[in-house]
Amino acid sequence: MTFKATLYHSSTAAGRLRKVYQRPFAAAQHFKCNYSHSKRQGQGPSDAQCHEPDAIEAQLDFRKFLDILRYDNDLAEINDEVDPHLEIGAIVRRVSEVNDKAPLFNNVKGARNGLWRMFGNAASLRQDEVERFGRVARNLGLPPKSSWKEISDRFMSWKKAVPLPPKVLQTGPCKQNKMFGDEINLEDLPAPYLHEGDGGKYLQTYGIHILQTPDKSWTNWSIFRGMVHDQKHLVCLVGSGQHNSIIRDKWIENGSNEMPWALALGVPPIASIVASMPVPEGISESEYIGAVTGKPLDMVKCELSDLLVPANSELVLEGTMSFTKKGPEGPFGDYLALVFDNEQKMGPLFRVEAITYRDNPILPISCPGNIVDESHTTAQLAAPELLLLCQEHGLPIKEAFAPVETLATWCALQVDTDKLRDMGTTPEDFCQKLGRIAFHNKSCMLINRILLVGDDIDVYNWDKVMWAFTTRCRPVHDEYMFDDVGCHPLTPYMSQIPGASRRGGKLVSDCLIRSEYNKPRNFKHVDFENSYPEDIKRKVLKNWSAMGFSS
């Protein structure tokens, strides 16, 4: 194929590109987009153009999701040519670390014949504390000022929904353009080289892999990274024990050497979130999405197999996953923010035999690393799963939160101490029981430490959780190790020990005062809120500014 670099424009009226105020690229500078809602910023397009997009529809359509980010003034449209070799990665990584706007790259160096624009930071955080989780909320059809507790509560409500099968269409936007066989050369496409030290160009960092059991009873969606191997193949990191490997094993049991595979990129935002969640084995994510949105997800059949993909996907790669052919994968700077020279492993090859795509498609990317990017915010969603698990087993847990400050590898559980006393249990028995339930469940694959705190601690407040940990948990004595459980293979303190088992490395830290197990709390917090009577606090706050204070 011959390609030519071009500048592409959004196909929606609200998405017509406007002149972007641009400054020379530097590590300390941000890109700024001047598209903003006139009522919020006092400038921008007309009221008609600024009509708020439908938040419910935005969770089901990638381009409508971008429209709602424009409306929120949370999208930086970059029109200058940007290099997919490290430059795009540097921008996306910087955005993650300063919580800036989500970047849309409309002029990618090497993009030809419509392939492709790029978009990053789909579920990162915002700088405005009031809308800190606003972008995550928009992925879920929630208002931008939603708190993490409100996001968590939405996930909890999903468990009561009845699976709703998708609606299969004859065609969809992802079928607007098609490439087959010799037309495909992955090495000619501008796949991004995201971090210095990566093993190659990672075309797949935020799409959903779609695999199906031989009897077609279960279709699984999951997100795992994929690197360009050669003109026709990706090589991917496929972990053992995950749902994708369970499906692979079923095909192997049938005597197959490969299985049909599809990779959908630029899918409905809620699909990306659900694909990253620990959905129970046997439940198809497309039906799960229908259940939680109350609307069947529009799907279309692949060109080369019976697999179904979201009809409005930006791009779809089709082909097969080999069980016998492998290639070197990695290293890659992943979400735990360390990359080691010795991390290259052999991974299965995925042969690409067809590519279908929308006009002027957008490749979503994730450039993981230090906090906070979408790999951390989606990992946080294991906490409500763990909360439900504990409650289903009759454990007195009220709230759960996995702080991004720990890369979502720690989870704080708030204990109902009244119910705890009614159990008549001991610290050791309670922690051992909870740890066995939690660490043998898929929801805790990424969670390495559970902190138990009393109901006087707000688990959504990192400072309060750390205060409880440092003042109430005795090192060793109040910590309970679990060595005979699975661990995440990317955890550095496990993966970098020569010959170490890929099991263990998890613990429960008991941050309850011992007396809380058998009698009412006999202590109180020493702070402004708890150490003074209401009339004194009201007087102080009323006169605060007059006394010369500003905070």
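Placed from the backbone N, Cα and C atoms, the Cβ positions cover glycine too.
Among the candidates E285, E287, E303, the residue that TrEMBL annotates alongside N220, H243 as binding Mn(2+) is E285. The separation of F224 (prenylated FMN binding site) from H243 (Mn(2+) binding site), Cα to Cα, is 12 Å.
In the three-state DSSP scheme, F224 (prenylated FMN binding site) is classed as coil. Cβ environment of S222 (prenylated FMN binding site): I208, H209, L211, Q242, H243, N244, A275, S276 lie under 8 Å away, each six or more residues apart in the same chain.
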